[in-house]
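A.B. asks: Got a structure for you, written out below as structure tokens; questions coming shortly.
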Amino acid sequence: MSDQISIIAPDDWHVHLRDGEMLNQVVAHTARRFQRAIVMPNLRPPVTTVAAAQAYRDRIQAACPADLEFTPLMTAYLTDSIAPAELETGFREGVFAAAKLYPANATTNSAAGVTDLLQIDPVLETMARIGMPLLIHGEVTDPEIDIFDREAAFIERHLEPLRERHPELKVVLEHITTEQAVQYVSSADRHLAATITPHHLHINRNAMFAGGLRSDFYCLPVAKRECHRQALRRAATSGDPSFFLGTDTAPHERSSKESACGCAGIFNAPFALESYAQVFDQEGALEHFEAFTSLNGPAFYKLPANTHRITLQRRDHLVPELVNGLVPFHAGEILSWAVANAPDQVQL
């Protein structure tokens, strides 16, 4: 059993870096572990123009410590009225790496999202033509659909018809949580991929209610039954190039998590890579770890893999209860892998 693994420097294909003071608090945690990151556009107001994306990218780079090599990859927030020309300009100028589809009111800051997929077909046609990936929060918002069934319903009702209408469109089904999503992506062609978070590999829905209401485990999509968690673990560790790393790290102040109407999101950036490594180790699949963290994502986005390497060591360490005042995923738990030469708690 190896006590050390070396991998090509990884990327994170789904992050929420927030803005303002929260951006200053969290960006270095992503930048210390990942060389590139796909940055979600659900700010207030959302990032819907090239100029807004450029300005947000500038703020991210200004907040990132100068000694870290980190490239934020910006995304456009799709609305019912967004212009195809705006997306094409941003993509061709290298400002937009992808566009994000939020069904209206599906998750945090998604009120301005798309209400009717047919209405944005001209946008999707443009994206397919220029090779711009579509990133999807794949849940229906129909209140009659149980929250635990909303991902499976989205695939059947919306994703499959969308892909039939736009067969050449590159699509990432983000933060998948169900066995149905695993099966759908596994059986699809090269134009469809999926990201998987560390928390959905570690917890099932029981975690939210263990001994009380555990708001730190509340995220969207919500964690599902144990059978779905096991399907995700098999997919992530399989070596299938359709699946790659996307943490969906989503920090919130404690007052926003612990309230009568708490926010969805798990802040996992500080120890995400170590969290993934533990899963691959437990599944006896460390030989596929580098592909999931460092190769499959760049291949899908048609970007070169990073050139330098990082090393992880088998070393038990305690995850702190708080990091910069925020509760990290695995708070108070012991992880069995650590990035070499990195302190157990990054001081920023």
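For all residues, glycine too, the Cβ spot is worked out from N, Cα and C.
I grabbed these lines from Swiss-Prot:
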BINDING   HIS14, HIS16, LYS100, ASP248  Zn(2+) 1 binding site
BINDING   HIS16, LEU17, ARG18, ASN42, HIS137, LEU220, HIS252, ALA264  substrate binding site
BINDING   LYS100, HIS137, HIS175  Zn(2+) 2 binding site
MOD_RES   LYS100  N6-carboxylysine
ACT_SITE  ASP248  active site
A.B. asks: Of the binding-site residues LYS100, HIS175, ASP248, which sits closest to ARG18 (substrate binding site) by Cα distance?
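C.D. replies: Among LYS100, HIS175, ASP248, ASP248.
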A.B. asks: Non-local Cβ contacts of LEU17 (substrate binding site) (under 8 Å, 6 or more apart, same chain)?
C.D. replies: LEU23, VAL26, VAL27, THR30, ALA37, VAL39, MET40, ILE60, PRO72
A.B. asks: Quick check: which same-chain residues outside HIS14, HIS16, LYS100, ASP248 lie with their CB within 8 A of the centre of the Zn(2+) 1 site CB atoms?
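C.D. replies: Those within range, site residues removed, are VAL15, ILE38, VAL39, MET40, LEU135, GLU174, HIS175, GLY246, ALA250.
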A.B. asks: Could you check which of these binding-site residues, HIS14, LYS100, HIS175, sit within 10 Å of LEU220 (substrate binding site), going Cα to Cα?
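C.D. replies: The binding-site residues passing the 10 Å Cα test are HIS175.
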A.B. asks: Using C-alpha atoms, which one of the binding-site residues HIS16, ASN42, LYS100, ASP248, ALA264 comes nearest to HIS175 (Zn(2+) 2 binding site)?
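C.D. replies: Comparing Cα positions, the candidate nearest HIS175 (Zn(2+) 2 binding site) turns out to be ASP248.
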A.B. asks: Taking just the CA atoms, what is the gap between ASN42 (substrate binding site) and HIS14 (Zn(2+) 1 binding site) in Å?
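C.D. replies: Taking the Cα atoms only, ASN42 (substrate binding site) lies 12 Å from HIS14 (Zn(2+) 1 binding site).
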A.B. asks: With every protein chain in view, how many other Cβ atoms are within 10 Å of the Cβ of ALA264 (substrate binding site)?
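C.D. replies: Total other Cβ atoms inside 10 Å, all chains included: 15.
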A.B. asks: Give the three-state DSSP assignment (helix, strand or coil) for ASN42 (substrate binding site).
C.D. replies: coil
A.B. asks: Taking only the residues the record lists as binding substrate, namely HIS16, LEU17, ARG18, ASN42, HIS137, LEU220, HIS252, ALA264, what is the largest Cα to Cα distance between any two of them, in Å to the nearest whole number?
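C.D. replies: Across HIS16, LEU17, ARG18, ASN42, HIS137, LEU220, HIS252, ALA264, the two farthest Cα atoms sit 19 Å apart.
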A.B. asks: Please list residues from the chain of ASP248 (Zn(2+) 1 binding site) whose Cβ is under 8 angstroms from its Cβ, counting only those at least six apart in sequence.
C.D. replies: HIS14, VAL15, HIS16, GLU174, HIS175, THR195, THR197, HIS199, CYS219, GLY265, ILE266, ASN268
A.B. asks: For a quick check of packing: other C-beta atoms within 10 Å of the C-beta of HIS16 (Zn(2+) 1 binding site), how many?
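C.D. replies: For HIS16 (Zn(2+) 1 binding site), the count of other Cβ atoms within 10 Å is 26.
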A.B. asks: What are the sequence-distant neighbours of LYS100 (Zn(2+) 1 binding site), meaning same chain, six or more residues apart, C-beta distance under 8 angstroms?
C.D. replies: MET40, PRO41, ASN42, THR75, ALA76, TYR77, LEU78, LEU135, ILE136, HIS137
A.B. asks: In the structure shown, which of the binding-site residues HIS14, ARG18, HIS137, HIS175, HIS252 has the fewest Cβ neighbours within 10 Å?
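C.D. replies: Candidates: the binding-site residues HIS14, ARG18, HIS137, HIS175, HIS252. Fewest Cβ atoms within 10 Å: ARG18.
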A.B. asks: Compute the centroid of the Cβ atoms of LYS100, HIS137, HIS175, then list the same-chain residues not in that set whose Cβ lies within 8 Å of it, in sequence order, for the Zn(2+) 2 site.
C.D. replies: HIS14, MET40, LEU101, TYR102, THR107, LEU135, ILE136, GLY138, GLU174, ASP248
A.B. asks: Rank the binding-site residues ASN42, LEU220 by how many other Cβ atoms lie within 10 Å of each Cβ and give me the one with the fewest.
C.D. replies: LEU220
